[in-house]
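Features of the protein shown, as given by TrEMBL:
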ACT_SITE  Asp43  active site
ACT_SITE  Asn91  active site, proton acceptor
BINDING   Asp43, Glu230  Mg(2+) binding site
BINDING   44-48, Arg56, His60, 88-90, Trp92, Arg94, Arg211, 217-219  substrate binding site
Amino acid sequence: MIRALKKWLIGYKEEARQTEEGRERIASLQKAPLPRHVAIIMDGNGRWAKKRGLPRVAGHRAGMKTVRRITRAADDLGIEALTLYSFSTENWKRPKDEVNYLMGLPEEFLRTDLDELVSRNIRVRMLGEEEGLPEHTLDAIRKFKEATKENTGMILSFALNYGSRAEIIHAIERIIDDMKSGKLSKDVLDESLIGQYLYTADLPDPDLMIRTSGEVRISNFMLWQLAYSELWFTDVQWPDFSKEMFYQAIEDFQRRSRRYGAV
Ligand code: FPP
């Protein structure tokens, strides 16, 4: 009962937030094909904080607000899947305090955003290696998965303890195991088989990859899956990345023609 009331209240507040102008903008973007899957390298939190004389974690705190803003924007548009690069296997090299802070974010997000995500019918997932993550982080992820598993709307994936080369190596190891045990025959090795052994097995490949903060590289993110994705870069740091900038990326995507190697 209380949960239903909460849901209604969230829905009501969200509805009120959508202005007439906002609805028109969304309707106009929806006239052309939308990317089914958008993947984002959320970069620049540290530099955003430094510029303001704040500790790096203040940048991540501000970055969380952008996570919420862009999740809402993607969901309102009708994007099927949104994947956010949240912690790479290389990020363990950061100062301990910062790593601890980042590992606490899933719990915080669970506390602050679960009700809204459920009311939006969003499914939450994690892409990455569970091994190595602290128990409290894994626990929050399990709770997210459990609470949203029946949802049928947008799939929101957090790439956590994620490294694309490691993902490919694990996929190959599992394929070899399955071949040795006879579960797979040796003549079935093709692109689609490899895709089925990646963390993203049930997701379409990203149509659009966005990276903020001026770096123009992929940084070991979805190397296999980004083969034909449109790439979009901005100098804006992740905490300042607005809904309008997200729309801009979508519009640019819609203007590009994707030929997949054909003429
Ligand atoms: C890059 O900025 C950002 C990250 C390493 C992590 C960002 C994570 C979030 C904003 C939230 C994730 C949310 C959940 C629920 C897991 P940077 O620190 O590399 O910035 P810099 O390049 O300026 O130093």
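Using the three backbone atoms N, Cα and C, a Cβ is placed for every residue, glycine included.
Recorded features from TrEMBL, shown on the structure.
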residue : record                       : Cβ within 10 Å
Asp43   : active site                  : 23
Gly44   : substrate binding site       : 24
Gly46   : substrate binding site       : 21
Trp48   : substrate binding site       : 24
Thr89   : substrate binding site       : 18
Asn91   : active site, proton acceptor : 16
Trp92   : substrate binding site       : 11
Arg211  : substrate binding site       : 23
Ile218  : substrate binding site       : 16
Glu230  : Mg(2+) binding site          : 20
Practice task
Using a Cβ cut-off of under 6 Å to any atom of ligand 1, determine which of the recorded positions Asp43, Gly44, Gly46, His60, Thr89, Glu230 qualify.
Solution key: Asp43, Gly44, Gly46, His60
Exercise for the section: Using C-alpha atoms only, work out the spacing between Thr89 (substrate binding site) and the residue listed as 'active site' and round it to an integer in Å. Expected result: 15
Exercise for the section: Determine the Cβ neighbour count for His60 (substrate binding site): the number of other Cβ atoms within 10 Å of its Cβ. Expected result: 23
Problem - Structural state of Ile218 (substrate binding site), classified by DSSP into three states - result: coil
Exercise for the section: Could you round the CA separation between Trp92 (substrate binding site) and the residue listed as 'active site' to a whole angstrom and send it over? Expected result: 16
Problem - Cα-Cα distance linking the residue listed as 'active site' and Ile218 (substrate binding site), given in Å to the nearest integer - result: 11
Handout entry: In sequence order, the recorded positions (Asn91, Arg211, Glu230) whose C-alpha falls within 10 A of Asp43 (active site)
Key = Arg211
Handout entry: Where the residue listed as 'active site, proton acceptor' falls in three-state DSSP terms
Key = helix
